[in-house]
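Features of the protein shown, as given by Swiss-Prot:
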ACT_SITE  Asp45  active site, proton acceptor
BINDING   Asp45, Gly46, Asn122, Glu123, Arg148, Asp150, Ser158, Thr161, Ala162, Tyr163, Asn164, Lys165, Ser166, His223  NAD(+) binding site
Amino acid sequence: MKYMITSKGDEKSDLLRLNMIAGFGEYDMEYDDVEPEIVISIGGDGTFLSAFHQYEERLDEIAFIGIHTGHLGFYADWRPAEADKLVKLLAKGEYQKVSYPLLKTTVKYGIGKKEATYLALNESTVKSSGGPFVVDVVINDIHFERFRGDGLCMSTPSGTTAYNKSLGGALMHPSIEAMQLTEMASINNRVYRTIGSPLVFPKHHVVSLQPVNDKDFQISVDHLSILHRDVQEIRYEVSAKKIHFARFRSFPFWRRVHDSFIED
């Protein structure tokens, strides 16, 4: 089996990476960072997100595993003390694949410029490049509202525990193939109104954000943030692609939520 290990880059994570590579050397395991079947991330959820985007073109062929060397993460749920056990289980191939939905973001520009497509594991946000943020929200080609405020956030089910939660969005179980739109400081008064609530969209629904005046936006996809100019439309939909995790034991999503936000 081919595998690769990525590290946060701190001393603890780098040492654990070297020890695991040495451990895999006792089994029929080949280190391959070009076409791995298993990708192990050592660090935290940020390190895991980087690993995901590094291999997002090969998601169907890869199963991911996260080891946290700091706080418990939603994607990095193995502890360093369990690394030897993980090596043995992986070498025996004793795992199941669990899949989570992803978010597809398509940015369309003015005439003469090719559209850009992005894949998110957590979320995508849209903010103004400097002026007022005003967009028309269109759902399945039907105008829903004109939004005025600081910005909008569209998240995956697993990503609802990240930025979405801080915006007051609901937490969604990753078995639900959906996406959630939350507002950032919307303007609501006698003249301007928005729905004022998070919106959950099922698979096959398409949400389009269309500029009203300013066409320059700061668009983020997970940890990547880029200034996009002359934007004509931003489209969100549940991706046909999924991320696959190698699971060796039961660790229910709601237990993970409890341990992360209530008590460990």
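Note: Cβ is positioned from N, Cα and C throughout, glycine not excepted.
Feature map: Swiss-Prot annotations on the structure.
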residue: Asp45; record: active site, proton acceptor; contacts (Cβ under 8 Å, 6+ apart): Gly66, Gly73, Phe74, Tyr75, Ala76
residue: Asn122; record: NAD(+) binding site; contacts (Cβ under 8 Å, 6+ apart): Leu49, Ser155, Thr156, Ser158, Gly159, Ala162, Tyr163, Asp222
residue: Arg148; record: NAD(+) binding site; contacts (Cβ under 8 Å, 6+ apart): Pro132, Phe133, Val134, Ser186, Ile187, Tyr192, Thr194
residue: Asn164; record: NAD(+) binding site; contacts (Cβ under 8 Å, 6+ apart): Glu123, Cys153, Ser155, Gln180, Thr182, Pro198
residue: Ser166; record: NAD(+) binding site; contacts (Cβ under 8 Å, 6+ apart): none
Count of other CB atoms lying within 10 Å of the CB belonging to Ser158 (NAD(+) binding site): 22
